[in-house]
């Protein structure tokens, strides 16, 4: 074997011996410290050891990004808050159109009122002509029914009228022409016997008694009726006679 051929082998042997000397030296140093350890060449890697015990429990982590749940039911209404401060005034609006003249409306309303009043007066005249009698500023109407005096008084009042009460001969004649049978007048002496007054309590100044009347022939003759000839008779208020009411025009 030539020198050049064996040179690599010699170098490898030298390196190996050097490494072995180094490891032997390290092992000797360890053996001096712990005599039970025997020095030798390094062994091959062993198989992996068993898993170690579980470590201590870590701190609680942050909530994860889970799926969003469904919306819950509405909560109870909270208490009413305190009133807020007034807002700032809004901008001034545009100028409006000129208003209409109210005088035209007033004149129109006055004209329409006059027309309605005229029509109402015409209707009154028709009613009086067909159903009643008009004299001066009074109109007399009858429903053709007979009833006691208090019922006559109530019925006339319901229609904003009064029991017919002639205040003069002209009104008495108008009543006579209207009725064909005995009718109550709005005159009584219920408060004071022999003192006949109208339903307002005012003494009557016009009277047209029949001969011998009033005679108070029977108890309770405190009312007055108009006879067919236009004269008056005192009679019991509980009796039933024709109803005649008067209305102011």
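Placement of Cβ uses the backbone N, Cα and C atoms for every residue, glycine included.
Swiss-Prot lists coiled coil for one of the ranges 18-36, 113-131, namely 113-131. Under DSSP, residue 237 (disulfide bond) is assigned to coil, being neither helix nor strand in the three-state scheme.
Distances between the Cα of residue 63 (4-hydroxyproline) and those of the recorded positions 48, 74, 156, 223 are shortest for 74.
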